[in-house]
Amino acid sequence: MGNLESTDGGPGEPPSVPLLLPPGKTPMPEPCELEERFALVLSSMNLPPDKARLLRQYDNEKKWDLICDQERFQVKNPPHTYIQKLQSFLDPNVTRKKFRRRVQESTKVLRELEISLRTNHIGWVREFLNDENKGLDVLVDYLSFAQCSVMFDFEGLESGDDGAFDKLRSWSRSIEDLQPPNALSAPFTNSLARSARQSVLRYSTLPGRRALKNSRLVSQKDDVHVCILCLRAIMNYQYGFNLVMSHPHAVNEIALSLNNKNPRTKALVLELLAAVCLVRGGHEIILAAFDNFKEVCKELHRFEKLMEYFRNEDSNIDFMVACMQFINIVVHSVEDMNFRVHLQYEFTKLGLEEFLQKSRHTESEKLQVQIQAYLDNVFDVGGLLEDAETKNVALEKVEELEEHVSHLTEKLLDLENENMMRVAELEKQLLQREKELESIKETYENTSNQVHTLRRLIKEKEEAFQRRCHLEPSARGLESMGGEALARVGPTELTEGIPPSDLDLLAPAPPTEETLPLPPPPAPPLPPPPPPLPDKCPPAPPLPGAAPSVVLTVGLSAIRIKKPIKTKFRLPVFNWTALKPNQINGTVFSELDDEKILEDLDLDRFEELFKTKAQGPALDLICSKNKTAQKAASKVTLLEANRAKNLAITLRKAGRSAEEICRAIHTFDLQTLPVDFVECLMRFLPTEAEVKLLRQYERERQPLEELAAEDRFMLLFSKVERLTQRMAGMAFLGNFQDNLQMLTPQLNAIIAASASVKSSQKLKQMLEIILALGNYMNSSKRGAVYGFKLQSLDLLLDTKSTDRKMTLLHFIALTVKEKYPELANFWQELHFVEKAAAVSLENVLLDVKELGRGMELIRRECSIHDNSVLRNFLSTNEGKLDKLQRDAKTAEEAYNAVVRYFGESPKTTPPSVFFPVFVRFIRSYKEAEQENEARKKQEEVMREKQLAQEAKKLDAKTPSQRNKWQQQELIAELRRRQAKEHRPVYEGKDGTIEDIITVLKSVPFTARTAKRGSRFFCDAAHHDESNC
């Protein structure tokens, strides 16, 4: 424990004993003084930052209790007291009798020193180790002195053989010659150098006979064991650990302590060395110490003595456990796999594997665990080679399986497309039957109406006939009565009371001629003659060559073709943006004559100033003309430069002559001209301006050989009859099958998805549940509704519960699982919605119409040219196009029906909006189901944890149960840390050594593979919180 005060004491004073002060009820000081004293206590306790932070949060009452507890212990002896006593034991001039008296209390002094190093505050330890006291040097020297007699016993010096003593002294001098004296204090660079240097340090000053006899007295006691405990206490502090690791021979002396006859001491040494191996940089130091051990003890092989002790001292289980643990760690804690195999082979040569086979059936469970841990960590090179070969075979198998899976995937896609086609075909048949049913219903209704009408007419006629039968006798009686009355009254009397105008109406009309039909309207006048065509043809570009300027008449404008200019030197390019020839007319440039200006300029000086670099002397223009005349004549080009260059590139790709290309276009030969080339060539259909320029060139009867290859091709190309229609027809012929294969699956997807969505009963029930919950939530505020837009399905995730942990969709998924489990897989009834969601029906219908127009173009061309290629194409593909058009109509009708069925408008809701609603809903529903399952598992874990905590509280009432729980938690935590992918690293922090030793006693060391690291470590947080 940390202490605040210390009092000096001489070497003869009694040992340091913790003095328990009476508890007393000391009143609490003022807050300022309390904080000062509490700060001192915290600094003396040397706690980690997080633990110190927790203590600072205590209230003043708890702080005062802690101060009182800490101040009950005071250090009676300062560090130099123990140092002086140890130095007195090392005095070579002391008489043997006096030494016997002194050495009687050596073990007691060392034990008190160990307690002080372990329990006193860090300030006391630092004082013991500072440069003034050099307590570590004194302690290591005493350890060396205590066991030097053991080293001489290995040479048979127990009997005092002078020859052997001289031999050892001579051997020591030869070792001393390996290193110069000034190199003794330098840090080690490798194991061999360190071993040689430490041997020199140990034996450069050999002890006398009196010192050896004194050493034998010490070796018979527990001084070596307690010295190791003191060093272990020092190394448990970061400051002390660094000092021990940098000490010239501290670790070597610890390793040499393995020669002690006490098995407890050997076990303690091995535990300490194993812990050092697991600290960063410690493994190299331990190996160097055993190199030194080999030189000092004259081993033939490193670790030879260790294996000898391991085999011979089988009666002490603790030592064997510690030895097996050390071997496991020193071999398997390295990251370099090759070095690990090397260390493993070192112990194999020393007979470790044979001994382990004999010891595997030991009765000690601890030893069995350590042996099994080593065997589990063994790096089997042969097995790795076999695994590598197996891996190669497995990789080949994986490739085969991947290829097989690829074929199966393709087959699955084909089956899916075939299934979709069948569904679409059935849907089309269903729609056709529905249409027929509607027609039959309509016919039935019309027939029923006609029958009803006929029955009504028959009934009316029968009633009229009956009335007539009843009225005929009366009519005859009235006629007879009326005749008699007319006979009594004359005709003049009848007409006397009638006005003249009425008499005229009663008089019969005079006969008239038959009315002739009206003549037809005059024909409309003939339309006026069309106006003259405007000048739309662009003027021809200037033609290169040495020919004189030529004036071409194009429409109403005249463009003079400029002759090319020959220069003496190559000149740089002026990157201007040129106007096109058809843009010149009406501008200022049409009024300029730059050729006339050239006659007035000093062109020689211009070329000299602006010529490009690295050119030879100027060429004589006359000579140049003569040489040019000897060469092939320069070509004339009529096409625009970039267009001509692109055309040349396209023609080179074809690898055909102009005649072959034009002949193939005449015959619609797609074998000679691939469709890709046809589509590229369609970009170079001659414009009207180009045709005029080419025709003008021909009318002038200029030689065609002077034209560039592109211009000659364009000349032949433009003479092809109905060129535009032929090229469009060829492109249609070449792309028809691809378009058909592209459009058919899209239409089938629309048809199949529309049918599945419309006919899904489970989807209807899901919507019914959503409608019910929505009305339940909204009825009090907005009133109940009879339906909702499908876009409302996206809002199910936005409606969250009060604790914000669940959405309405999660609740629906939970409700379906509990109340309607048959609806849980409703999405299996919605076929092909994902494919339909990616279809733009409007574009597909436009493409189908384009195919129809293209087929009509082929029909016209076939009627004009009667080409066999076109006839064969029509006979083969007209039926396919008709079927595609019917499918398009069916898809449109099926989609319109399903959209209206769900209350949407086909005009405002395309398939790319309608079907993705279902895709998102299905995906969100599945995720909600998974999250519900995860939440359920988490709740179960929390419930079990809560029950375990309650049981733990009940069981933790007894100390034994509490310790058992702590131990189980510690082991579980350690195993979790071992299983981590990224291993934490032990740094040199306070408490590290004790943490490692505690861990290794609880859990055996487990090595890592080459890819994951090969060492077991604990992280810093584990030191601070769980103390391993």
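Heads up, the Cβ atoms here are built off N, Cα and C, so glycines get one too.
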Phosphothreonine according to Swiss-Prot, picked from T95, T492, T512, T992: T95
Among S195, S315, S501, S1014, residue that the record in Swiss-Prot marks as phosphoserine: S1014
Residue from S174, S760, S801 to which Swiss-Prot assigns phosphoserine: S174
Local confidence of the domain 'FH2' (561-951) - pLDDT mean: 78
